[in-house]
Amino acid sequence: MKIVFALGGSVLMPKEGASVDKIKEYADVFKKMKDENNEICIVVGGGNTARTYISVAREFANESFCDEIGILATRMNSMLLISALDNYAVKKVPENFKDAEIILNLNKIVVMGGTHPAHTTDAVAASLAEYIDADMLVVATNVDGVYDKDPRKHADAKKIKQLTTKELLNITGSASIEAGSSTIIDPLASKIIDRAKLKTIVIEGAPEEILKILNNTHSGTIINP
């Protein structure tokens, strides 16, 4: 199976900072998936690293410049994961889909970050999944699925177990796309998912939950074309 992951930066790099054990856990999960004959691409978000830098830069620079800072943060996080993947990955972060596909064709795990200003890593992951004709897009984030409203702000938020790509568009249509924003799936990514008819799973990004997608025992939300 060919799978593209959008791995939230705040999942890989929480507020307390990088953890050797945590990075190793993620690397081991992706190695195991690769060993089971899956083709794996991972697009890593900027998370707290990006947001910290962007919050300062925004006092001096426009959103496009802040986007560039965010992209660099995603590539730093990508390099950290690459370092833990040993010879399962190429020691380089591809900056475009053509280079990502070359690495995938070398039978390696692809790890990359952002590519263009105003494109979140969710949008990059969705575009990459479309480009390589992936079987599945997995959005691994700090919320365990898609809700009718933000569960971090609303105690009465209800989790949606399954929905269509059209329904996803309705839910995400008004989300923010400022540099460093952290919505579950942003509007551009939702449009690409719908256009490409991508099967998408949104899960809480713990390593053990990521592994469960292979046997469909995860507790996330399934988005069908």
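Every residue number used here counts from 1 along the chain in the order it is shown.
The backbone N, Cα and C atoms fix where each Cβ goes, and this holds for glycine too.
Binding site for UMP per Swiss-Prot: Gly46, Thr115, His116, Pro117, Ala118, His119, Thr120, Thr121, plus Asp67 from the candidate set Asp21, Asp67, Asp144, Asp148. Between Ser10 (ATP binding site) and Thr115 (UMP binding site), the C-alpha separation comes to 19 Å. Here the candidates are the binding-site residues Gly9, Arg51, Asn142. The one whose C-alpha lies nearest to that of Pro117 (UMP binding site) is Arg51.
Of the binding-site residues Gly46, Gly47, Pro117, Gly46 has the largest number of other Cβ atoms within 10 Å of its own Cβ. Per-site Cβ counts within 10 Å over the binding-site residues Thr115, Thr121, Thr141 peak at Thr121.
Counting every protein chain shown, the number of other Cβ atoms lying within 10 Å of the Cβ of Asn142 (ATP binding site) is 16. In the set Thr141, Asn142, Tyr147, Asp150, none of the binding-site residues has a C-alpha within 10 Å of the C-alpha of Gly46 (UMP binding site).
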